[in-house]
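Annotated in TrEMBL:
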type	residues	note
DOMAIN	5-105	domain 'Pseudouridine synthase I TruA alpha/beta'
ACT_SITE	ASP53	active site, nucleophile
BINDING	TYR112	substrate binding site
DOMAIN	145-246	domain 'Pseudouridine synthase I TruA alpha/beta'
Amino acid sequence: MRYKAVVEYEGTSFIGWQRQHGVVGKSVQESIERSIKEFCQQSVIVYAAGRTDAGVHATGQVVHFDLKVSREDYVIKNALNHYLRNEKVSILQLERVDEEFHARFSAKKRHYTYKISNREAPLCIDLMRMWHVPKRLNVENMREAASYIVGRHDFASFRAKDCQSKSSIKTVDSIDIIAAEEEININISAQSFLHKQVRITVGTFVECGMGLYPPAHVLEILEKKDRAAAGITAPAHGLYLTRVDY
């Protein structure tokens, strides 16, 4: 029996979603798999819609796994949350789904939000939940830069050097930059992304907002197809996987 779950986690203490052999630390995947084993004494593999990096958070990660036992949805959800109570991982929703459902390959769109604190004073409470950029950013320039990113492009300049995707062509469906007082949220949606594409994109927007180059320079960055042409990689702790559509 296949189950789908919506998961929230605070990524600071994790090495990322995926288990990594030979890497010190725990993954979100391992934590959920361990909770399932404690609940029903069954070893399973949990598959996720987004394989988030170390330090990245999620408020709407979607996963699936198969169980041999049949229990009410709420019983499984409550049991897993019990075993995850010390892990900064929470099962928000859980339901039984068709065997054909796959958290990763059935996804039609993934939504991420990147949070920036644009105040002068250092952060305390949100230190590991937002990127602190003390220099005042020109949000309108950032929005113009974003307009050049939306659509189908070769994003070779916006992927990590170790990205294993065979093609760097992706379609970004939308980017919405919302500024409220000293906080800037960058919402970006696509069916899929290259490794670190969102963070490199945000880093480029921030450099544009600082006045390091004009918004239209993003077009030159796309044309160069070279990671060195784009901006810095924004820190992981400002990024959130917020929703996955099916």
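Any Cβ shown, glycine's included, is placed from N, Cα and C.
These numbers come from a predicted model, not from an experiment.
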Other CB atoms, at most 10 A from the CB of the residue listed as 'active site, nucleophile': 18
Spatial neighbours, same chain, of TYR112 (substrate binding site) - Cβ under 8 Å, 6+ residues apart: ASN187, ILE188, SER189, PHE193, VAL198, LEU239, TYR240, LEU241, THR242
